[in-house]
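The block underneath contains the structure these notes are about, expressed in structure tokens.
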């Protein structure tokens, strides 16, 4: 097995035993990126020289007996995380040449534990999209079938795992942007509880919905990474001050005796036949493992997409007001005064989908429509949260599909924004409720594309969904399937 095919925990063991060096591992991934990324387009920036310097320094620390959980492990970040001295674009022309002056907290924590940065990953511009087609740097392609999308907005983060260009990546999840691409690319994607991981240094899309999480090859690595990045951060006012458990220790507990809820609103007519079959097979596996199932109802699910696209766009309208060509960001040339400068800079700097969402959000917040749209959406959001609270009174976790279909073809939905938005119908409610969710590989479609299973837990119930995901992973081995590049 090549070094680039392995997991964090396997590489850790070899590094600590001095069987391999971090420089060798890092070179293996850099060579893999060089040989495969022209056809995948997962990376916006590759930090080759710095990565090799950091890997050499990691080898020195290992030789001195100073080995942290991620020492010498090469990782990559969605290009929405600020990285000091490294270009951070959020896949937008607006930030094409922006060099961050400080690190995001999540990356600071990974770096403090010895991680080596391979580079920054492609995404939908400002995390607005479900297909990774809305990037100023071109679309990312799914390594399983390059005519298909990898999912979004963390499409590069998922594609890099599937193409074996990185052992682990970080993404962000605002309406499914970790879980949906993980499902489409056959990897593990964890969206933690809102407030579990600091958002400091993450370019904001919708501040009440955004959450940082890991994308990995298996559940053990996801648990390990979450343990590194989770925890209170005084720099993030939404960060929650509660203890961080040892997530890897809970993995072996299994699901025997757990009650799993099946939300009837998620198993609907129109669900792709391959997805339906994968869910039925997953339920059968869990029954064999000793879990019990009950049907539950989340009655306001049908309102989730509309609610999300009012709240998220309203917050985006506010967050993206700072990009006006004066303080930072793209600055238009040959303009007639300040107002024209701002208008031209934003017109040139933002892509079509970002402009669409800014306009939707500005409209929802405008005088005369604020109560009718934004306030009403916040009230429905509360009802969706209450639906989940009620469901968790009788179950330990929920099992659902991640997406209604496997990955669709590039360009298939770009002309129909509503159809694109509806592809996140099973992931959006989780962000509105602020709970945790994980996508794990659960099958392969008839046309050879991965299908993911979604497990949802109570707020700060990551241990439960991780142990359930691990039990399923060990019983099925879907996570060992690899894209043929």
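Sequential numbering from 1, following the chain as shown.
Using the three backbone atoms N, Cα and C, a Cβ is placed for every residue, glycine included.
Taken from Swiss-Prot as is:
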- 78: active site, charge relay system (ACT_SITE)
- 153: active site, charge relay system (ACT_SITE)
- 177: active site, acyl-ester intermediate (ACT_SITE)
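Counting every protein chain shown, the Cβ of residue 78 (active site, charge relay system) has 31 other Cβ atoms within 10 Å. Sequence-distant contacts (6 or more apart, same chain, Cβ under 8 Å) of residue 153 (active site, charge relay system) comprise 123, 124, 127, 128, 129, 130, 132, 134, 172, 174, 177, 181. The local packing around the residue listed as 'active site, acyl-ester intermediate', expressed as other Cβ atoms within 10 Å of its Cβ over all shown chains, amounts to 37.
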